[in-house]
């Protein structure tokens with residue numbers, strides 16, 4: 001086998017995973033802006049790091065500053081944003097990492113396509129369920145206020161839809177669960193529901 005042929009690798013995914021002594025996965029946190037995705041994702045990354053797991057966090061806000069900086073907020077651009085994130089997550093998964101994705105990803109079809117691209121057996125969808133009213137109350141970046149005043153158009157939850165996941169692997173109710181409990185639940189799911 002020529003390792004330079006497209007799609008051919010001299011080290012397979014299973015070998016990479018064995019070296020890292022972990023099962024790779026993509027933990028995809030979805031929810032409204034201000035729901036708590038980044039907070040939970042950061043706490044999860046730290047908890048897994050403390051368990052000596054090899055992880056990488058892909059935060060939608062950070063990716064908008066680099067990889068996706070040429071995209072706006074039209075439905076088409078949002079779809080392309082999620083496609084790019086899913087492609088990067090898949091590459092990191094194939095490197096044997098536990099990938100944590102924190103992004104609004106408002107459309108169910110984009111989350112479905114991401115799941116299919118990454119592989120159903122490796123994709124853990126976490127719905128960070130926070131009511132719009134609570135997200136607006138938190139509004140850490142002042143985005144809801146700007147959207148309500150017309151300074152931001154096509155803002156998810158205000159004038160652009162968020163399609164609630166129909167069957168997420170995990171639902172986190174941030175009104176009743178703090179980030180530490182959310183992290184424990186995600187790690188428990190990761191330990192008991194991932195293929196060997």
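Glycine is no exception: its Cβ is also placed from the backbone N, Cα and C atoms.
What you see is a predicted model, and the numbers here were worked out from it, not measured in a lab.
What Swiss-Prot records for 105 is active site, phosphoserine intermediate, and it gives similarity to another entry as the kind of evidence. Long-range neighbours of residue 105 (active site, phosphoserine intermediate) (same chain, six or more residues apart, CB within less than 8 Å of its CB): 28, 30, 60, 82, 85, 111, 114.
Secondary structure at residue 35 (ATP binding site), taken from DSSP and collapsed to helix, strand or coil, is coil. The Cβ of residue 35 (ATP binding site) has 128, 129, 130, 135, 174 as same-chain neighbours under 8 Å, each 6 or more residues away in sequence. Taken from Swiss-Prot, the feature ATP binding site applies to 31, 32, 33, 34, 35, 36, 37, 38.
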Greatest C-beta neighbour count within 10 angstroms, which of the binding-site residues 33, 38: 33
